[in-house]
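Q: One structure follows; several queries about it will come next.
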């Protein structure tokens, strides 16, 4: 009887949950079940269950591929460089915005700086070709007018990395300030007043009050970023990369797409995807553990 | 230097630096806008930087005359609206029950959901699933697989948790059903976060690219991003062939490409200011605790 009362009271809640749970089971756990094709000689006609088991053969093949190590290296190197360049940008921008006294200009700046975050990588790709193109790009036009050599931003490997990094800063710096500014609103204004009385200048106040006020946020974001070292989005390297710079622009996500969707080697592509998922999971869990230890704040 | 002048100098320096950042942020947009309004001759001779040269509307004329472009825009709008509405509905009906601490099985369900944030089957098993469900070249392949974002779901759960439970209990005593409490009490109090998540779902669908590349081959169902990508790709080929001295690539005129980029960006820029005031608070809710 007790159970009956419980369900009479709560059946509506369970009814609400039916569809969402069905979604998770079909569209999230379905692909997890499908991961078994990494261990099968998959072909579409026999389907997942019909295909033959091959054990770790596909893994051995992947670990013998030069492309695999190249894309793994590119993923980690691009992520590390990106962290180096893109991590400090929002931090500095947030401090500047926080120090700004003209409220209307501060608000306007924030509105504008957030915009690139909402622009797709395909569109950014379109903009990149117009801005960085060798023949008619904006930057090179200015450079050649001033008598300098044009820089092959899109076709030279090393210059391409620069393009990749700059677009990352442009896209994410403004949006990244949100969390820091949120952390800064928690700072007690009296600290600033006290420091002023003690004769601390603006720079000193930034160093001793503003930056420590963001410490936890900085640490947490840094750890999250490190945890994502092996994860990399598909759109950005795929759209900005091209054949000429493939040695540097081909990363795990584009590699999986290329061998899976373009060459139809589903088993090998699944193996690479699984490798990325498992190693990524280890990184993320490690980062979460480190975060708990260091900042008393876990990501999850 | 007195403290007062030091303060003034500091204020000026910060303002100038922020202004520079804002300009750097806007410059590419302004450039591409100017390209879209300039003549082909001026563009190819490299005269356009920040202002249109030989102002004209030819490129826009071509974009709006291209029925496939208009159709693609219409399809993308439809797709975005359907996705946003369905995603929000599903996220709400999932979040509300999961805020009830005494709901049996709640922990297990939370676990089932949270796991998917950290581990996924990867794109190939996803593709095979979509194919087996006969959704290839079908609008639903772009809607169903990403219907609920576990991350947004958790943001919504933590927001709902912040609403005092006594409000719901009072309504229940008055005889309101769970469903009624959700609609009449919880949702009206959650408008900022609902607006934020709608923006995120909407923008995510509008900007989504990889799934369109994988699931859609039928040109009639090309969303804007896929259409744009092909234009830009043509241009990349031209850049490479120019380098190798070869020719033959079909080059989309720069002006047309720029106009198309503007065409695909404006709708986002139109909704964004209306929702901006919400999302700052919305993002903070998510940042507090997962």
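From the backbone N, Cα and C atoms, a Cβ is placed for every residue, glycine too.
The transmembrane segment annotation in TrEMBL covers A:12-30, A:76-99, A:111-132, A:161-185, A:206-227, A:266-290. What TrEMBL records for A:72-287 is domain 'ABC transmembrane type-1'.
Let's see these features in context: how buried, what's close, how far.
A: Note on the transmembrane segment (A:161-185): residues 78, 81-82, 85-86, 89-91, 93-95, 97-98, 110, 112-117, 119, 124, 128, 132, 153-154, 210, 213-214, 216-218, 221, 236-237, 240-241, 248-249 of its chain, located 6 or more positions outside it, place their CB under 8 angstroms from a CB of the stretch.
Under 8 Å from some Cβ of the transmembrane segment (A:266-290) lie the Cβ atoms of residues 34-35, 37-38, 40-42, 54, 58-59, 61-62, 68, 223-224, 226-231, 252-253, 255-257, 259-260, 298-300, all in the same chain and six or more residues away from its ends.
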Q: Pairs of Cβ atoms less than 8 Å apart decide it: which stretch in A:12-30, A:76-99, A:111-132 has the most with the transmembrane segment (A:206-227)?
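A: The listed stretch sharing the most Cβ pairs with the transmembrane segment (A:206-227) is A:76-99.
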Q: What same-chain residues lie close to the transmembrane segment (A:76-99): Cβ under 8 Å, and 6 or more beyond its ends?
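A: Apart from its flanks, the transmembrane segment (A:76-99) reaches 106, 109-110, 113, 161, 164-165, 168-169, 172-177, 180-181, 184, 202, 206, 210-211, 214, 218, 221-222, 225-226, 228-230, 232, 237, 248, 251.
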Q: By Cβ distance under 8 Å, which residues at least 6 away from the ends of the transmembrane segment (A:12-30) in the same chain are close to it?
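A: For the transmembrane segment (A:12-30), there are no nonlocal Cβ contacts.
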